[in-house]
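Let me begin by presenting the structure, written as structure tokens, before commenting on it.
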């Protein structure tokens, strides 16, 4: 009798513990969201450029009491790691963002997301810039909805710092950039701010140089998985030029630990400690929030310089195209309807476009030239960026997003060693060739 | 009186409490440790990218991982981190523990300060140190001390050593606390007897304190070594394995393989390696220190 009493107590206490733990094991359904009926759940990023999208949810929710969108925000890197596991385990929200590229391909291939071609194809193709909308298609089917601003990478610089070092105009060619680097170094500044601790800023240099030297085909061959695609002479030459720049002290002596997520790289520009930075247009929102005066007066911008005898078009861009919403394949018919209606009514609506422009972000929307021009702060940056994105003959998506995850980690790792001078251009090429299967 | 009491405890100890008492813990252990463990071993024999189908790969991942320079590099760094952390922390912790065990007021007062690092979350500590050590915006620049403005976390030659210093700063309080408890348990009569025999403080420390904290030493070393083997958060936040893999220790390598490259099979191999190392070392330490015999230290007292 006594023994069985103990047994019951043990079972009861265990059951209690298990019950308690079961409550916490539903990550997808957290935050008390109501993902039933026509209601939707979504995840977003905490960064400021996402505010216009979140405002669109609020606006929608006001008029649609029976089809609410509830949103939960995460930090950029945390989100990227979380979403993959959530999708893989079937706990993803009804719709969620990506940056296109290989994750989008993976989602489409594993049938985790919904084909939206019949509902949204014409709508999106008529509204959104072609280079940006093209990334939303896989095998001719529309799997994603562009949202958010266009985000090419360009060179920002501090005019005051350049002037103090005796540089009158921004560099147009690589040789001019190298000359400016030594002038800035002589003036006691860090010539170029580079957030090496975050690793991905290294990619921007490699992506632009390879494009300027060898044209878009070089990296397209890599994407196609062509054998020994990295052996193209443009890659070796680009890596050599990077190492020359490092040896010339272009990035100062602390770039290896400088990180981008705490904006220290941009702070070097705004505080006048560094001259140039190669960065995505998304930092512009931070720059105007620090000081509108600075962006209007002292901030310069210039496309990536051309390389002598290079085959790439000087108008080619690299960087992120935009953000994309994917609708989970678990969404019900009603939820799909809510999503499609929301996209048609609120995505890149006039309110959203205005809110983006106010932040210094350029929406990839067709025929808004006059609107973009009207919001310009006097530097001409807004219209220049909009037109650059529109006319770019090749707009290469960031390498780490475009490549399959294993290859993108390999290139981040190997490229860092090129920048640290612990790997020669030839070693880089052979290490990267090994990742192509 | 005392004798009967002792015999009583001995008897109950021998029989022990009902095994049913272990059931809740056992079930939880099974659910959250044993089952995932078996899962990881199985996963290490498959290919999985976290999204698509899981396909069988046999020992392919094992062969690939054991030839992977990143894994070998991680193994080397983990061994260095573990051994050096242990060598640095143990003497400091024993001395601090002995110091804090004294009953004087000022010692209790200072103990509070020694204890502070333990109260901070390690992510907060990592972010704080990363900013303090920053050569452009950190302490070195602010104070104008050239030697401190070195790029501690960005220089492949200093990054790992800097991490060891920060890890030690975080964990010395915990281990000192364990030693403090151990020292306080040593019967005062031993010291009194030693004093009568004319032994000085140094002699007392080596002949009484150190031998008496033998088992704490074994327990604490196990905690420290197994802890260092699985060390992750501070390193991830401060360097993320960089610069150029100089701090890519094994657990970090596992994480990056699993959740950045989505090579779940390869990451599971690394996970199993860490696990086997941890179990082997703690068993070995247990054997070496003789604490598995559980003999009393109080004999004759």
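Here, residue 1 is simply the first one shown, and the rest follow in order.
Cβ coordinates are placed from backbone N, Cα and C, and glycine is handled just like the others.
If you look at the transmembrane segment (B:21-45), the same-chain residues 6 or more away from its ends with a CB under 8 A from one of its CBs are 54, 56-59, 61-62, 264-265, 268-269, 271-272, 275. Annotation comment: TrEMBL describes B:21-45 (among others) as transmembrane segment.
Look at TrEMBL and you will find B:75-285 tagged as domain 'ABC transmembrane type-1'.
The feature transmembrane segment is assigned by TrEMBL to B:77-101 (among others).
Long-range Cβ contacts of the transmembrane segment (B:108-129) within its own chain (Cβ-Cβ under 8 Å, at least 6 residues beyond either end) map to 96, 99-100, 166, 169-170, 172-174, 176-177, 180, 233-234, 236-238. For B:108-129 (among others), the entry in TrEMBL reads transmembrane segment.
Residues annotated as transmembrane segment in TrEMBL: B:159-179 (among others).
Taken from TrEMBL, the feature transmembrane segment covers B:223-244 (among others).
Per TrEMBL, transmembrane segment is recorded for B:264-285 (among others). Long-range Cβ contacts of the transmembrane segment (B:264-285) within its own chain (Cβ-Cβ under 8 Å, at least 6 residues beyond either end) map to 37, 40-41, 43-50, 57, 61-62, 64-66, 68, 71, 74-75, 78, 218, 221-222, 225-226, 229-230, 250-251, 253-255, 257-258.
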